[in-house]
């Protein structure tokens, strides 16, 4: 039995759950929070080892256990949105709880992050280098990761500052969770499993994203069923909800089930 995660719910309306990415916490959703809370009952979740849940470390710290921890606090009939690593967790939660996830919103995420044969993704050397650097200098490594996330965006410096400011109020992530999170990004491949998901799934990708290449759009349209839709933000990198908040919210509102 997993320790219950702390969550925060604000607003009223249909249930909408947000899962953040690697190295940050639920504070990262600040730019879109007020708007969402006007239309939905929004639940903010810090993943195990991050933010307010930085003392909770499931053993082993793997995708299945992360998804189970989130599934335990998932309100019924939820729209589940995940960014980056959080999107990978969201996909696994939907596999565990298909009747409880009304819709998946997948933001700058992928069923497989690492580059492979005929698959665009992150070079494995980059993820391994981050793991090694974490031990030497935690805060500098997270800063470097944030810089890669913003790379390509016209407002890269502002984006990085916004992310840093939004996550500073919460406790720092546990180094073991950060290391295990990189391991998940390096090794997990959910391509076969997500093809079986039946709920509506909306992907939101940045054309300039160096972590989740926009080629993913071709895979979604070619290999996945008609319950999947994709929006590409032409000038965004890995954090479209920060760099292009207005466009992001318009698309999110248009494509989210009520």
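Every residue gets a Cβ built from N, Cα and C, even glycine.
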Check Swiss-Prot: it lists 22, 84, 85, 145, 146, 147, 148, 149 as binding substrate. Then name which of 235, 238 it lists for that same site.
238
Count the Cβ atoms, other than its own, that fall within 10 Å of the Cβ of residue 85 (substrate binding site), considering every protein chain shown.
25
Please give the greatest C-alpha separation between any two of the substrate-binding residues 22, 84, 85, 145, 146, 147, 148, 149, 238, in angstrom, as a whole number.
16
Where does residue 238 (substrate binding site) sit in the DSSP three-state scheme?
coil
Fewest Cβ neighbours within 10 Å, where candidates are the binding-site residues 146, 148:
148
